[in-house]
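S.K.: Swiss-Prot lists 8-128 with the feature domain 'MTTase N-terminal'. According to Swiss-Prot, the [4Fe-4S] cluster 1 binding site annotation covers C17, C53, C91. Residues annotated as domain 'Radical SAM core' in Swiss-Prot, with sequence analysis given as evidence: 152-382. The [4Fe-4S] cluster 2 binding site annotation in Swiss-Prot covers C166, C170, C173 and rests on sequence analysis. The domain 'TRAM' annotation in Swiss-Prot covers 385-447.
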Amino acid sequence: MSEPAPAKRLYIKTYGCQMNVYDSERMADVLAPLGYGVTDDPAAADLVVLNTCHIREKATEKVYSELGQIKRLKEARRAEGQGMTIAVAGCVAQAEGEEIMRRQPAVDLVVGPQAYHQLPELIARAHRARGERLAADFAPDEKFDALATERRPTGVTAFLTVQEGCDKFCTFCVVPYTRGGEWSRPAEAIEAEARALAAKGVREVTLLGQNVNAYDGANGQGAGLAGLVRRLAKIPGLDRIRYTTSHPRDMDDDLIAAHAEVPELMPYLHLPVQAGSDRILRAMNRAHTAESYLRVIEKVRVARPDIAISGDFIVGFPGEREADFEATLQLVREVGYASCFSFKYSRRPGTPAAALPGQVAEEVKEERLQRLQALLEQQQLAFNAAQAGRVLPVLFEKTGRHPGQLIGRSPYLQAVHAHAPDRLIGQIVPVKVESGGRNSLAGVLELETA
């Protein structure tokens, strides 16, 4: 017997980082008791939520462009005698709440990343056409206390937020102003959520935080992220653990040791450095040097020789000279990355870097980004190609585009394509890699090659 259709339809569009993906999932959880079922069609939605990112100017402007399109859908539904509520959530909502309401009056409510547990009440206020329609409080403990441990089924992998906010105050970054200071969830609450996920068939969790390795939500010895990883590794059925995003200053010896000692912790580390020039790192207020970053990488590789390293880079930071950029390229060559994210510096209002002299011309930023990305893509292709001939344990997640094909993830987070029966979804299966491209691996089940 099929389940009844949901009484109301919810469309969520997510911009930005994995934490926003997690937040969007939890918003759907919060709204499910009100009768909202998720739809992929915004034109059919009774409630549209745009979960926004404020890291770069382009991402912010995308939100306003999207709101113009959603407004037209709202007007079309009104003409048909149907309603639509528009909500803007996330970091743009936190930073520009009043501006959003001014620029786009069709928006019914604005909710910051620490207040989305208030969505049911905000929606009720919007429907009553009275009361405050903007919630942007910094109270992450209240948010998580209000969220149920149980979550909707997510598949065989899931994100799990363990830490929010940032105290580092990099001069280019808006996170301390949109997400607040560093705050860690209690380990008991995280474990309860992880156990509930495992009971629903989740085999892999990625622990999320703006500075996830600053986690300190447990009491006593082993209170940091390493202790949390060891605790979660004991959960039956939870076979893989990852974490992101980390700061070099918080990569302590205990966490590095966990990479050697905890088999469930995958051999993959995303450790942003942003630049290879100490002069630029000082201007960014990163509080580490290129050399200290390289020392951390060396220690991690001693602990786990096969670990895949990922990172973030910003080119064209104010005052960046050619020599500074060359230092970044040299650091990339020394590390040898498996994958990376790289961006042109984006001037964000209210951040110290926005007022710095020496703003770099757009064409210079673009030229440097192309040079950096060419080197990073070369390294990524080399890392993937080096997997050919190896047998890797692959967690199959979903069907592929071709008949009989499944897509999974290697321990190094690469997408792996192989022909396999659907019954293997959710299973960790040995796959012999036949080839590695820039973005994925292709292989065959090891049983077929035996």
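One is the number of the first residue shown, and numbering goes on along the chain from there.
Every residue, even glycine, has its Cβ placed from backbone N, Cα and C.
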S.K.: Relative to the mean position of the Cβ atoms of C17, C53, C91, the recorded [4Fe-4S] cluster 1 site, which additional same-chain residues have Cβ within 8 Å?
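M.R.: Not counting the recorded site residues, we get Y15, G16, M19, N20, T52, H54, I55, A59, G90, T178.
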S.K.: Please work out the mean pLDDT for the residues of the domain 'MTTase N-terminal' (8-128).
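M.R.: Over the domain 'MTTase N-terminal' (8-128), the predicted model scores a mean pLDDT of 87.
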S.K.: Near the Cβ of C173 ([4Fe-4S] cluster 2 binding site), how many other Cβ atoms are there if near means within 10 Å?
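M.R.: The answer is 22 other Cβ atoms.
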S.K.: Residue counts in helix (H, G, I), strand (E, B) and coil for the domain 'TRAM' (385-447), per DSSP?
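M.R.: Per-class counts: 6 helix, 34 strand, 23 coil.
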S.K.: If you count other CB atoms within 10 A of each CB, which of C53, C91 wins among these binding-site residues?
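M.R.: The largest 10 Å Cβ neighbour count belongs to C91.
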S.K.: Summarise the domain 'MTTase N-terminal' (8-128) as counts of helix, strand and coil residues per DSSP.
M.R.: 69 helix, 25 strand, 27 coil
S.K.: In sequence order, which residues at least six apart in the same chain have a CB under 8 Å from the CB of C170 ([4Fe-4S] cluster 2 binding site)?
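M.R.: Listed in sequence order: Q274, M284, N285, R286.
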S.K.: Which one is it: of the binding-site residues C17, C166, which Cβ has the fewest other Cβ atoms within 10 Å in this structure?
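M.R.: Among the binding-site residues C17, C166, the lowest count of other Cβ atoms within 10 Å belongs to C17.
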